[in-house]
Amino acid sequence: MLTRLREIVEKVASAPRLNEALNILVTDICLAMDTEVCSVYLADHDRRCYYLMATRGLKKPRGRTVALAFDEGIVGLVGRLAEPINLADAQKHPSFKYIPSVKEERFRAFLGVPIIQRRQLLGVLVVQQRELRQYDESEESFLVTLATQMAAILSQSQVTALFGQYRQTRIRALPAAPGVAIATGWQDATMPLMEQVYEASTLDTSLERERLTGALEEAANEFRRYSKRFAAGAQKETAAIFDLYSHLLSDARLRRELFAEVDKGAVAEWAVKKIIEKFAEQFAALTDNYLKERAGDLRTLGQRLLFHLDDSVQGPNAWPERFILVADELSATTLAELPQDRLAGVVVRDGAANSHAAIMVRALGIPTVMGADIQPSVLHRRTLVVDGYRGELLVDPEPVLIQEYQRLISEEIELSRLAEDDVNLPAQLKSGERVKVMLNAGLSPEHEEKLGSRIDGIGLYRTEIPFMLQSGFPSEEEQVAQYQGMLQMFNDKPVTLRTLDVGADKQLPYMPISEENPCLGWRGIRITLDQPEIFLIQVRAMLRANAATGNLSILLPMVTSIDEVDEARRLIERAGREVEEMIGYAIPKPRIGIMLEVPSMVFMLPHLANRIDFISVGTNDLTQYILAVDRNNTRVASIYDSLHPAMLRALSMIAQEAEKHGLDLRLCGEMAGDPMCVAILIGLGYRHLSMNGRSVARVKYLLRHIDFEDAQTLARRSLEAQMATEVRHQVAAFMERRGMGGLIRGGL
């Protein structure tokens, strides 16, 4: 072994560059020790973390850094103790830290030794193997000797120079909620984690049943409390998330299996981990996106149960005065319990646009980025800038950059104040043209009441949300009451109710739909025409609710063909006759329109003029289908861009055909509330925009500061562009010249 050791040291010492030397080292150690994995972690004392610099056997992701904080994992423990650690099964050690990207879950045996030169820790040298065994004394001695030789070869200056490429200061992510935040990164390390729970048994099953019962009750009370809190604050969609958690927690089968596991002798924590993971894996194996998302909800339940089984609770004074939360994953419950007055922003390593957490941060107005490919522990206690407009994270930026972002935040605050000052004025262009600014709504009228004076009506009422909150289909009477509240609240303004739009990422808990390709499957009008009794009950409820107000428009979702329109109209007319027979007098006729979100209907507009009264362009799905991109898939989400030239040309074609055939034209996707898109939409001919409440003030402010001819010129130039980046540069210049760059620019 001494000969082999000398050969390795000589080869490493003769390598021209340090990174090449490290690759030689890990390869030759694997061969010499006949082990499956060898890795070198070098210590960055400025950042207080280890970087995985070279490995043979683990997966080192291309283009990204794998880092561990000094106090994290068994590698961190080796460094802190400054002595070897030899384990037969590393995954059972309390310090074990699972890093999914390196694929080390197959390996059990672990031997780590520190690399120390003149009392200065340079790094940690690690070998691993699948077999459950401790490395023998000769192997440990070999690795310790090699680490000592490596310390003599390495210098701190060499290591520091190598870190330049790993000290990422600007990290690309996905924008989840707009805005800019500057604060200290903070990871809540006190929260009990599922991966830290190991198998354990007890003889006192009655005590464990009592503990489990208490945790279930506390979690249920917590969900009810959060639901009431957010409902009282007019954040009904956020409240609905906790109603869903309560529904999952009350599942009889889940509770039965939890208690059965305890009765077999498991401690409550192990029962929670085993059963929750079992249920979550069943959901995760499904192809349907919505059902896959329920796997995450179940794990959230598990985390909360572990939290209530644990005595160590994060106190309110433990949080910094102002912080940016950094986390691997984010749950709505975690967000709800954070001190909102201290939370400046959020950075999440994993996450999707349709997750409950993403919905909630947007509702709360917290600047957020998701898919930030860096370990949260590396960001802990470091100065961060979150740019929720561009989807960027800056780590320890230079003071001049911090000053610039602070200026942008001040500008953003001032623009918001100006927008609020004018929000009750009409949405009128500088050149005099009126634009209708409508609201996208989803729950009870109380949620939208306070916006009544700011908007011109309800452009989209998502009727599926009340359906999703119940354990079965709501009755006709329940639906009448729901729709009546909205129609009467805005009795002097138009209200558009969309018929039930479920399927794909929106599922009813009592009507699960599992498909291989749900986005292109059984959803929207396809479901309700296949099951006309659901459609008839809902339309009758709408017509009855409209009998006294006469301000109803009915919107049909996911229409693909003319025959679907004809069949839906036939059923609506039938429902009208049934209602008139029921109440004994004629009722107002609603306006009928389609949600234009399937590309096929773009080419069928000439045939719709004598069948419907209006079209409402759903830009979210239309963009998705035109670009063939699943916007909730983090791997391809960056391709999704509503300002893609193909999408703009489709919108232009729709506007021209609608005007030619006398169809009332509306738009209700995210583009309607995005200041980056509004001027182009106006230039293309759109005069009816429906958006979320948080966007109303800014959009109205923007509209009052642009001229129609200028918007037309911008739209014409955008249609000539070949790439979305060209369009965005044109819009940015347009907005900057008019002093409104702060509406679209959160970063540099």
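From the backbone N, Cα and C atoms, a Cβ is placed for every residue, glycine too.
Note that the structure is predicted; figures quoted are calculated from it, not measured.
The feature active site, tele-phosphohistidine intermediate is assigned by Swiss-Prot to His356.
Spatially close to Cys668 (active site, proton donor) yet at least six residues away along the chain are Met438, Asn440, Gly459, Leu460, Met595, Ser616, Val617, Gly618, Thr619, Leu689, Ser690, Met691, judged by Cβ distances under 8 angstroms. As annotated by Swiss-Prot, active site, proton donor applies to Cys668, with the evidence given as similarity to another entry.
According to Swiss-Prot, the phosphoenolpyruvate binding site annotation covers Arg462, Arg498, Asn620, Asp621, Arg631. Listed in sequence order, the residues of the same chain lying 6 or more apart from Arg498 (phosphoenolpyruvate binding site) and placing their CB within less than 8 Å of its CB are Leu460, Tyr461, Arg462, Thr463, Glu464, Leu555, Leu556, Pro557, Met595.
Sequence-distant neighbours of Glu597 (Mg(2+) binding site) (same chain, 6+ apart, CB under 8 A from its CB) are Pro557, Met558, Val617, Gly618, Thr619, Asn620, Asp621, Leu622, Tyr625. Sequence annotations record features per position, and here Swiss-Prot assigns Mg(2+) binding site to Glu597, Asp621.
As annotated by Swiss-Prot, domain 'GAF' applies to 1-127, with the evidence given as similarity to another entry. In the predicted model, residues of the domain 'GAF' (1-127) average a pLDDT of 88.
As annotated by Swiss-Prot, region 'Linker' applies to 128-170.
Annotated region 'PTS EI' per Swiss-Prot: 171-748, in sequence order.
A strand conformation is recorded for Arg462 (phosphoenolpyruvate binding site) in the three-state DSSP classification. Sorted by the number of other CB atoms within 10 A, the binding-site residues Arg462, Arg631 start with Arg462, the lowest. Between the binding-site residues Asn620, Asp621, the minimum number of other C-beta atoms within 10 Å of a residue's C-beta occurs at Asn620. Between the two most distant C-alpha atoms of the annotated phosphoenolpyruvate binders (Arg462, Arg498, Asn620, Asp621, Arg631) there are 22 Å. Reduced to three states, the DSSP call for Asp621 (phosphoenolpyruvate binding site) is helix.
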